[in-house]
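Colleague: Please see the structure below; I have some questions.
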Amino acid sequence: MDEMLILVDADDNAIGSQSKTRVHQQGLLHRAFSIFIFDSQGRLLLQQRAFSKYHSAGLWTNSCCGHPRWGESTLAAAQRRLQEEMGFSAELQQVSSFTYQAAVPGDLIEHEFDHIYVGLFDGKPQGAPEEAHSWSWTDIQQLTDETTRNPEKFTVWFLTIMKDLGANEMERWARLAAS
């Protein structure tokens, strides 16, 4: 069965639900989250999406991302998906939210009200193979350079966050996660 996503208005008020496939085909605004996990050295955990994903397969992105279920808080969903996707838990704190709309491969449209969470973890992730093909701890400045040189290797939402917020904000998030 196709996952149901929460449709929202411009202020993130729930206004209904729709199947994930239809949401991405029609570019409907829906609630989502993006998690940025840092280690004590200030490096960001990136995941390479599984090659079996129906969009953005094999692309590098932030540590974890997903959608809450109806009646589930965004924080609870973020904690659940971090465990399911990457095999660990971390204390998460919300640092921002934003709305974006972008075309993704496969004639699909991402249109998300995206809640951004940060956390600290110093272990080795145990990524679920159906979610994450690989992972890497990456220096923020090197990541900034890589996203500029090779944007085609990254998801549209991750590039949007990197472009809009930049390395200074990422470094601030790393310090916040460590505090």
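Heads up, the Cβ atoms here are built off N, Cα and C, so glycines get one too.
So Swiss-Prot lists the following for this protein:
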- C65: active site (ACT_SITE)
- E112: active site (ACT_SITE)
- H24, H30, H67, E110, E112: Mn(2+) binding site (BINDING)
- E85: Mg(2+) binding site (BINDING)
- 28-160: domain 'Nudix hydrolase' (DOMAIN)
Colleague: Look up E85 (Mg(2+) binding site) in the DSSP assignment and reduce it to helix, strand or coil.
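Modeller: E85 (Mg(2+) binding site) sits in a helix per DSSP.
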Colleague: Other than H24, H30, H67, E110, E112, which residues of the chain come within 8 Å of the Mn(2+) site, judged by Cβ distance to the Cβ centroid of those residues?
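Modeller: Near the Mn(2+) site, the remaining chain residues are L5, K20, V23, L28, A32, H111.
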Colleague: With helix taken as DSSP H, G or I, strand as E or B and everything else coil, how many residues of the domain 'Nudix hydrolase' (28-160) land in each class?
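Modeller: Summed over the domain 'Nudix hydrolase' (28-160), the classes give 31 helix, 54 strand, 48 coil.
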Colleague: Going by C-alpha distance, which of the recorded positions H30, E85, E110, E112 is nearest to C65 (active site)?
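Modeller: For C65 (active site), the spatially nearest of the recorded positions is E85.
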Colleague: Looking only at C-alpha atoms, tell me how far H67 (Mn(2+) binding site) is from E112 (active site), rounded to the nearest Å.
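Modeller: Just about 10 Å between their Cα atoms.
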Colleague: Any idea what the Cα distance is from H24 (Mn(2+) binding site) over to E112 (active site), rounded to a whole Å?
Modeller: 10
